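Mind looking over this structure? Questions follow.
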Amino acid sequence: MPRGLELLIAQTILQGFDAQYGRFLEVTSGAQQRFEQADWHAVQQAMKSRIHLYDHHVGLVVEQLRCITDGKSTDADFLLRVKEHYTRLLPDYPRFEIAESFFNSVYCRLFDHRSLTPERLFIFSSQPERRFRTIPRPLAKDFFPDHGWEPLLMRILSDLPLRLPWQNKSRDIRYIIAHLTETLGEDALPRCHVQVANELFYRNKAAWLVGKLTTPDGTLPFLLPIHRTDEGELFVDTCLTTTAEASIVFGFARSYFMVYAPLPAALVEWLREILPGKTTAELYMAIGCQKHAKTESYREYLCYLAESDEKFIEAPGIRGMVMLVFTLPGFDRVFKIIKDKFAPQKEMSAAHVRACYQLVKEHDRVGRMADTQEFENFVLDKRQIDPALMALLRQEAPEKITDLGEHIVIRHLYIERRMVPLNIWLEQVEGQQLRDAIEEYGNAIRQLAAANIFPGDMLFKNFGVTRHGRVVFYDYDEICYMTEVNFRDIPPARYPEDELASEPWYSVSPGDVFPEEFRHWLCADPRIGPLFEEMHADLFRADYWRALQTRIKEGHVEDVYAYRRRQRFSVRYGAISSTANSS
């Protein structure tokens, strides 16, 4: 290769990333208009298209590089010089951290995920940690209650860029003050102030005002979800001021926010104070930088591995028929491999399973489906693998594994947040905790269905419980759209003997689902059955599911709340209006 080509290649990669992130910001900047126009289907489409942008631009850069190098192979020294030139371009670059991930992605695409070494890739960042600890330009604005909280909140709401009228701004301000007074106390409130992010965070049918509430005792989140009525009037639905509530809003089971972030590292650093339980990977994920979140997730994994002497073991729970799942005992994530052969009742291909995981990545997860990161050629040290797991890997997924002596390479896997399997949770809890878990499970099913997702296999083992007690679906191999399912009532038996027969007396076609049958496996436990019948009996009726299908086919997009219904101002302080409640 001619000298000087290394710099051209480095510049080409960085220019390719510039183009990708420019389009990312362009799609993101349309969020306000989509919200104001209530174009909810465009919201869903923008979410999908923004996810696709990254891989699309990686592909464009790879084609450019193949043209530049005329398809000739490159030696190791040449690649190291390319990385050195690229590193020199980053110190003054505002999105250096994601640019490093983009470089990694281009390299992996060019070399088919081979030779992934720290020398060739940005396994760890080349730049100082948290370079934007001091933010170069303000991301937020401070508001002080010099003349009381009512004018302070009036200024905050009036400063918003939204161009719709308010339904009743004074009422919403009263509700916010009432909440703050209940939470902080009347004496403390005058000594507090608020810092509000300059950009709104858009997701689903809400525009979130995200801020920090500084109190005499510390800093709290200050989150206001702003909705619009069918008539196009704005209202604040609630006020959230605890780290637990904020953690759920920014949770791993939710869709990515649309927030205009030309300096993503600075925004992540700013968010860190009100989301102390979130890792760097989770914060990048929340603002839509999911590919860099994957990089950060891998770094977190490597750091944990370096400080731990634990061995990889099979994950607790009932062994799956499609996926082999393992973990490190103290690590908060699991590793999932598609088996080479599935159980006989699972009539599907590995390609189908991967398509299901991609569907979840692109769809609105409504807080009920765990996000995943996909990896290829994942290397594990054999010394850190429990012998029982090693035997299981060789038995269930030998075609996915390459033995390199001291290491194995797993051709393809997913990393996902670790949760307590719901079936195990239900065995361990009693009383109110059991009731809450069953309520959560039913709510998860309803919210998934309203978002046009049918889980397929609804057994408790396919759901997990988060540290906040939320029930989340994580087994995607039978997932499909609600509109693809034929929900049927079981026909009456022709003769008494029909109900005792081993085969059904009625025809069953592909796509047929009989909700009455759910009762057999969801209500078998005498502790659970009565609770389920009390709270979720309608899930056993085909007409309930068909009614949801009708709403979906008519184009209705359901509201998705990242908090309990009882926290809504309309419930706490009186009805906003029938119109607002139906928005």
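Yeah, the Cβs are placed from backbone N, Cα and C, and that goes for glycine too.
Pasting the feature list from Swiss-Prot:
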- A315, P316, G317, I318, R319, G320, M321, K336: ATP binding site (BINDING)
- D371: active site (ACT_SITE)
Between all pairs in A315, P316, G317, I318, R319, G320, M321, K336 (listed as ATP binders), what's the biggest Cα distance, rounded to the nearest Å?
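Taking every pair of listed residues, the largest Cα separation comes to 15 Å.
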Around G317 (ATP binding site), which residues of its chain at least 6 apart sit with Cβ under 8 Å of its Cβ?
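Spatial neighbours, sequence-distant, of G317 (ATP binding site): V325, P421, N423, I424, K461.
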Need the DSSP three-state call for R319 (ATP binding site) to compare against my parser.
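DSSP assigns R319 (ATP binding site) to coil.
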If I take the alpha carbons of G320 (ATP binding site) and the residue listed as 'active site', what is the distance between them in whole Å?
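Answer for this pair: 19 Å between alpha carbons.
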Using all protein chains in view, find how many other C-beta atoms are within 10 Å of the C-beta of G320 (ATP binding site).
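Taking every protein chain into account, the count is 20.
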Run through the Cβ atoms and count how many others sit within 10 Å of the one on R319 (ATP binding site).
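For R319 (ATP binding site), the count of other Cβ atoms within 10 Å is 13.
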Just to verify a number: CA distance, K336 (ATP binding site) to D371 (active site), in angstrom, no decimals.
13
Suppose we draw a 10 Å sphere around the Cβ of M321 (ATP binding site). How many other Cβ atoms does it contain, all chains included?
14
If you skip the near sequence neighbours and keep only those at least six away, which residues in the chain come within under 8 angstroms of I318 (ATP binding site), Cβ to Cβ?
P421, N423, K461
According to DSSP, does K336 (ATP binding site) fall in a helix, a strand, or coil?
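Once the DSSP labels are grouped into three classes, K336 (ATP binding site) ends up as strand.
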Using Cβ-Cβ distances, find the residues under 8 Å from A315 (ATP binding site) that belong to the same chain and are at least 6 apart in sequence, listing them in sequence order.
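Result: V325, F326, T327, V334, R418.
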Within 10 Å of each Cβ, count the other Cβ atoms, then let me know which of the recorded positions P316, K336, D371 comes out lowest.
P316
